[in-house]
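If you check Swiss-Prot, you get these features:
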BINDING   GLY142, SER143, GLY144, LYS145, GLY146, THR147, ARG257  ATP 1 binding site
BINDING   ARG168, GLU191, LEU192, ALA193, GLY219, PHE220, PRO221, ARG222, GLN226, ARG263, ARG274  AMP 1 binding site
BINDING   GLY386, SER387, GLY388, LYS389, GLY390, THR391, ARG500, GLY545  ATP 2 binding site
BINDING   THR407, GLU433, LEU434, VAL435, GLY462, TYR463, PRO464, ARG465, GLN469, ARG517  AMP 2 binding site
REGION    133-316  region 'Adenylate kinase 1'
REGION    162-193  region 'NMP 1'
REGION    256-266  region 'LID 1'
REGION    377-559  region 'Adenylate kinase 2'
REGION    406-435  region 'NMP 2'
REGION    499-509  region 'LID 2'
Amino acid sequence: MNTNEAKEYLARREIPQLFESLLNGLMCSKPEDPVEYLESCLQKVKELGGCDKVKWDTFVSQEKKTLPPLNGGQSRRSFLRNVMPENSNFPYRRYDRLPPIHQFSIESDTDLSETAELIEEYEVFDPTRPRPKIILVIGGPGSGKGTQSLKIAERYGFQYISVGELLRKKIHSTSSNRKWSLIAKIITTGELAPQETTITEIKQKLMQMPDEVGIVIDGFPRDVAQALSFEDQICTPDLVVFLACTNQRLKERLLKRAEQQGRPDDNLKATQRRLMNFKQNAAPLVKYFQEKGLIMTFDADRDEDEVFYDISMAVDSKLFPNKEAAAGSSDLDPSMMLDTGEVIDTGSDYEDQGDDQLNVFGEDTMGGFMEDLKKCKIIFMIGGPGSGKGTQCGKLAEKYGFTHLSTDELLQNELSSESGRSKLIRDIMERGELVPSGIILELLKEAMVASLSNTKGFLIDGYPREVKQGEEFGRRIGDPHLVICMDCSADTMTNRLLQRSRNSPQADDNTTTIAKRLETYYRASIPVVAYYETKTQLHKINAEGTPEEVFLQLCTAIDSIF
């Protein structure tokens, strides 16, 4: 490699900027173990997304300290004016005043900055008063962030901040300002506004709201670097709401909004660029908040009222958990909570993990898992309690090499874990409410992906329990290749459950609970069976006979399809 190639490599990889940032951090922090310190800094560079995200002060401490009085009446000095040593042998030349340069940066060029807009180290919230609850609402352009943010603010009496609207108003009111004219051009092309400028505007807006109990911030952060900056300069949010939406739906909504509102950043070129930026930045951003246990994901492809119903349940659970429980934890029965047919709409889809929407930006981002799932043989096993579907699924799995998944068991396993999602599920069940179908679908999808490499197909027991669940499964994963309905009379199922209760001391089956479960099953299963009769291969199996007789019928049905 010659000298020119080396220089080109260093410049292209932003190596000088990285070294400058590391050196500034070392000089300011003076760590006892510089090697360990540098390792932690390099790890942060990875989290930020690479060297191009690093600035000169990325590793400079953000601690707020009382500064000594300034001499000579000067109100502002360079932050690092005294960092460089006075030793004349020090290899770097120190300037009292930097020479002019031809290139400029919106954030640092003096021609583009106003004294009043310089970022100051100040407390955004009064430390002597309770800090307001902060909810960040993120999602792709057109995912409904503004709509849902306003609904959240109205329901809980919170204040609402739209970061996009904040910047647009600033641009409109300072149209003659060179800096903001450039920012306007950046936004119009679909790029992100400069990070520090955006943070400054948010801080100034927050300081105008000293008495709010809560604040909903829409459209920020857009990447991990912005998230880190928000936490460093403002606070750690109490909750992050992620509105997951397919690319196609986002495009449709943006085109419709462009016709109705005429926003400058909704032009076709800008829309494509914004979607690309979102797709690149969303996965690491979601992962970052997942690791902190702060994020909850919602399917935003649905009606806005359905989405908000799910969000409000999650906010109640996360931020206002001290509500009177409807049942003791020892009384929880997952199979009852999963039964449908109640008036409550369970067509929700929220979860505190973003795994579903490592494909939310388009299925390609799930690394091919979704395509592999769609190629797998999928069989739904529908039947009432006591119909024998669990027993038969076990035998079929052994014969055909299928993976047997029971929604009841998946829910029980999740409840026994210590995840944030398990706490949310338990809180919902303790209130006597139904577990949202989105959570069940997420548990199913995670289990299916985990078994992809060593299975020939999936037998899903006890799913779907309503038409909406089946529709959602078809849209998110794919339609089943076969739906089996275990046709069994109420008397037979009741007798089997009572026998099971006598054989298993832990079983809580009694005549009253059995009757209720059967009633719920019949009410919910009729439309499900009708739905699949018109849509796919549905086989009704006479489940009144012996296990061997029923198994033979099932094998015949499966062999006829596969």
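Each residue, glycine too, has its Cβ placed from N, Cα and C.
Residues within less than 8 Å, Cβ to Cβ, of PRO221 (AMP 1 binding site) and separated from it by at least 6 positions along the same chain comprise LEU136, ILE138, ALA227, SER229, PHE230, LEU285. Fewest Cβ neighbours within 10 Å among the binding-site residues SER387, THR391, THR407: that distinction goes to THR391. A coil conformation is recorded for PRO221 (AMP 1 binding site) in the three-state DSSP classification, outside any helix or strand. Put plainly, the binding-site residues LYS145, ARG168, ARG257, ARG274, ARG500 were compared by Cβ crowding within 10 Å, and the winner is LYS145. Report note: the ATP 1 site is defined by GLY142, SER143, GLY144, LYS145, GLY146, THR147, ARG257, and the residues of the same chain whose CB lies within 8 Å of the CB centroid of those residues, excluding them, are GLY139, PRO141, GLN148, LEU243, ARG253, ALA300.
GLY386 (ATP 2 binding site) falls outside any helix or strand according to DSSP and counts as coil. The DSSP breakdown of the region 'NMP 2' (406-435) into helical (H, G, I), extended (E, B) and coil residues amounts to 21 helix, 1 strand, 8 coil. When the binding-site residues GLY219, GLY390 are compared by the number of other CB atoms within 10 angstroms of each CB, GLY390 has the fewest.
Checking the binding-site residues (GLY146, THR147, SER387, GLY390) against GLY462 (AMP 2 binding site) with a 10 Å Cα-Cα cut-off leaves GLY390. Here the binding-site residues are SER143, THR147, GLN226; the one with the fewest Cβ atoms within 10 Å of its Cβ is THR147.
Between the C-alpha atoms of SER387 (ATP 2 binding site) and PRO464 (AMP 2 binding site), the distance comes to 16 Å. Here the region 'LID 1' (256-266) has a mean pLDDT of 62 out of 100. In the structure as shown, the Cβ atom of GLY142 (ATP 1 binding site) sits within 10 Å of 25 other Cβ atoms.
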